[in-house]
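The structure appears below as structure tokens.
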Amino acid sequence: MKILIANHYEELCKLSANIIKEHVQAKKDAVLGLATGSTPVGLYKQLISDYQAGEIDFSKVTTFNLDEYAGLSPSHPQSYNHFMHEHLFQHINMQPDHIHIPQGDNPQLEAECMVYEDLIRQAGGIDVQILGIGANGHIGFNEPRSDFEDRTRIVKLSESTIQANARFFGGDPVLVPRLAISMGIKTIMEFSKQIVLLASGEEKADAIQKMAEGPVTTDVPASILQKHNHVTVIADQKAAQKLKKASYL
Ligand code: GLP
């Protein structure tokens, strides 16, 4: 696991955008795995400005998002589908049929999960997967004690994640869906050729320390990334402040 410590959030965004940009420049039909949450918003902003500057072309790129709330239609303002269009897709030249996000309002949710997993397999896996991290160490919506063998499936959100994500629902936790579809840990580990995990802010400092330096345990789902052979963690100084090994700095 390579750990880069950015001086501030803007630098984190620039470093991660450069990884994607270089990848897409070298492989025009790259498959990208994308994440939601506030952390990648600045990365997407940077990618939009790189696109506007003519430095990156998304016309042949395919994307797969990590997760989506169950029960929300793609047009629901709090759906991850809506989030991705607002923060990235509507500003760049992606082909609409190259964008993949689980459909949260599919009445056949289990079938949706299986089809999604198959679509990633058929695409040949994911070249670069962007991940955020929950304060409890979750990746995607794989909450603590998710099985490391899990594939894309329906998941129950933990109480702490419901509270943390309530800010996107006008601050009201009651409005946060209790279920979601998420790529599983096995999906992420097996299908991602390269993983870039982003973390910003002191509320992520414990999770980052446990992920990188603690035991590999389902109590901290992100700790499994220690077993992946191509992971780059980009953390700002606040998120990195509890790391013990000075060699990262
Ligand atoms: C959500 C998403 C995760 C994301 C996490 C952290 O729960 N499902 O993929 O990593 O939030 O979000 P933030 O970046 O807003 O802290």
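Every residue gets a Cβ built from N, Cα and C, even glycine.
Copied over from TrEMBL, here are the features:
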ACT_SITE  D67  active site, proton acceptor
ACT_SITE  N136  active site, for ring-opening step
ACT_SITE  H138  active site, proton acceptor
ACT_SITE  E143  active site, for ring-opening step
DOMAIN    10-231  domain 'Glucosamine/galactosamine-6-phosphate isomerase'
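This view paints the features noted in TrEMBL onto the structure.
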residue: D67; record: active site, proton acceptor; Cβ contacts under 8 Å, 6 or more apart: T36, Y80, P102, G140, F141, A180, I181, S182, M183
residue: N136; record: active site, for ring-opening step; Cβ contacts under 8 Å, 6 or more apart: E143, P144, S158, S160, T161, A207
residue: H138; record: active site, proton acceptor; Cβ contacts under 8 Å, 6 or more apart: P144, S146, S158, T161, P221, A222
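Taking a Cβ distance under 6 Å to any atom of ligand 1 as the criterion, the active-site residues D67, N136, E143 reduce to D67.
Computed over the domain 'Glucosamine/galactosamine-6-phosphate isomerase' (10-231), the whole-number mean pLDDT of the model equals 97. A 10 Å cutoff on Cβ-Cβ distances gives E143 (active site, for ring-opening step) a total of 22 other Cβ atoms nearby, all chains included.
Mapped onto three states, the DSSP output places D67 (active site, proton acceptor) in strand.
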